[in-house]
Amino acid sequence: MTKYIFVTGGVVSSIGKGITAASLGRLLKNRGLSVTIQKFDPYINVDPGTMSPYQHGEVYVTDDGAETDLDLGHYERFIDINLNKYSNVTTGKVYSEVIKKERRGDYLGGTVQVIPHITNELKDRVFRAARMTNSDIIITEIGGTVGDIESLPFLEAIRQIKSDVGAENVLYIHTTLIPYIKAAGEMKTKPTQHSVKELRSLGIQPNIIVVRTEQPVSQEMKDKIALFCDIKASEVIESRDEETLYNVPLSLQKQKMDDIVLEHLQLEAPQAEMTDWKNLVHRVKNLSKKVRIGLVGKYVSLQDAYLSVAEALRHAGYDHDAEIEIDWIDSEKVTKENVAEIMKDVDGILVPGGFGDRAIEGKIAAIEYARVNKVPYFGICLGMQLATVEFARNVLGLEGAHSAEIEPETKHNIIDLLPEQKNIENMGGTLRLGLYPARIKQGTKAEAAYGTTLVEERHRHRYEFNNEYREQMEEAGMIVSATSPDGRLVEVVELADHPWFVACQYHPEFISRPNRPQSLFKDFVGAALNNK
């Protein structure tokens with residue numbers, strides 16, 4: 001019988017529900033249990049694909065091409081599993097499906113309501129995950145905060161699941177904040193008490209309360225929370241700010257959270273073997289070198305917009321025993337005149353993915369600086385496209401060369417739409433999305449990084465390199481070092497006369513893991529260390 005764990009949040013959002021869920025998933029997996037994890041988001045968008053990164057952080061892409069919440073990145077990195085489109089459910093998806101069924105006549109003329117139709121659809125998404133994966137445990141994180149009007153159907157659905165499958169097969173974890181009032185020198189449990197009261201008014205009694213805090217939580221405070229929230233003091237789990245996120249599973253294990261979960265769910269499993277994870281955390285906390293990477297983007301004021309890129313850089317750093325210091329460089333403030341001053345202290349330059357025409361010239365200036373001054377450069381998606389534009393302008397001398405996405409009337413459309421994309425009007429879900437193979441050219445830096453000539457990577461883009469310019473580019477020294485297996489689509493370019501200048505059309509950051517860094521990131525950080 002599959003067991004179900006639901007993680008809710010109270011008091012404030014962005015409290016760490018995703019990290020808690022991912023960390024618990026890691027512990028349970030290391031106890032020999034099969035784990036699947038999913039995120040329910042109460043917003044009405046079908047997915048975050050068309051949302052501004054300022055609104056929602058990065059869009060995380062799964063193997064099957066789903067554009068999902070960034071928490072799925074945490075899940076994949078912590079638990080080391082590959083999720084799919086069923087792992088992220090939104091209000092928009094659920095309502096779309098229910099309306100589609102109503103139009104088909106599936107409800108036999110009945111009045112379609114939030115209860116039971118919306119809640120049944122939500123429950124089906126949970127049970128579908130169990131059917132498709134046959135996992136021992138399904139962990140479902142409910143986005144938002146208890147008390148939000150948008151969350152009510154989700155909370156009602158997970159309340160009903162307890163009746164559907166039995167109390168011994170369901171566990172509720174509530175994550176709350178214990179704020180520290182600096183002026184009073186006190187921590188306050190009242191917000192947690194009120195949040196649990198709100199949750200209980202909706203019919204859900206949490207079995208475990210995870211309290212986020214900056215300061216240690218005393219036993220007296222745990223006893224107080226337990227008394228008012230009707231749980232044992234041992235079921236109040238402290239989650240303090242950590243030096244590294246990857247220490248959270250060890251902190252939860254130390255407080256026996258996984259034991260409490262298994263006892264409640266009436267499961268038996270051996271203790272989690274966490275030696276490798278402990279070694280990883282020890283390594284992360286004791287890095288002996290430092291390397292500075294300039295990350296040039298237009299959303300740098302919200303670092304979550306580049307969360308997976310930053311994590312992949314850190315993973316590569318762990319492998320090189322190096323702490324990654326990221327310079328978050330706003331491309332809107334970079335010009336040809338000031339780029340040398342801005343970049344003078346960086347050991348490597350990375351231009352990540354992005355859309356739209358704002359701040360493009362700042363990125364191109366950074367790429368030119370990296371190429372001319374032999375600074376290691378790594379371009380991802382748009383960072384690859386602009387590398388070819390910069391080369392066309394400044395090496396081939398093609399004046400006004402650009403991407404047709406940015407400048408539709410350009411004479412030299414180095415980057416252009418594929419023919420099959422030209423008549424598409426909708427923005428959502430129409431990109432080249434998900435895992436695709438790429439064939440690597442022998443004797444290139446890309447092959448040196450991967451150690452093989454055939455790889456699979458995740459994509460998220462609409463525009464492609466224009467093959468009309470391929471021969472010109474290669475004759476001038478830009479190597480096309482990877483293509484789609486049929487040779488039609490350019491996947492990686494690099495420079496022959498540069499220590500390390502590699503740019504890829506795909507998003508390699510999505511497959512990086514803390515104990516298994518992605519190959520291009522690993523070699524990029526190595527090149528940056530050599531450039532110190």
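Here the Cβ of each residue, glycine as well, is placed from N, Cα and C on the backbone.
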Given that Swiss-Prot lists TYR54, GLY354, LEU382, GLY383, MET384, GLN385, GLU405 as binding L-glutamine, which residue among ARG104, ARG458, ARG462 does it place in the same site?
ARG462
Joining SER14, ILE15, GLY16, LYS17, GLY18, ILE19 at the ATP site recorded in Swiss-Prot, out of ASP64, ASP69, ASP71, ASP80, is ASP71
Separation of alpha carbons, HIS507 (active site) and GLY383 (L-glutamine binding site) (Å):
10
If you count Cβ atoms within 10 Å of each one, which of the binding-site residues THR192, GLN193, GLN385 comes out on top?
GLN385
Within 10 Å of the Cβ of ARG462 (L-glutamine binding site), how many other Cβ atoms can be counted across all chains shown?
15
In Å, rounded, how far does the Cα of THR189 (UTP binding site) sit from the Cα of GLU405 (L-glutamine binding site)?
52
Sequence-ordered list of residues in the chain of GLY354 (L-glutamine binding site) that lie 6 or more positions away and have a Cβ within less than 8 Å of its Cβ, or none, is GLY297, LYS298, TYR299, CYS381, LEU382
Quick check: of the binding-site residues listed here (TYR54, GLU141, LYS224), which one has the Cα closest to that of ASP71 (ATP binding site)?
GLU141
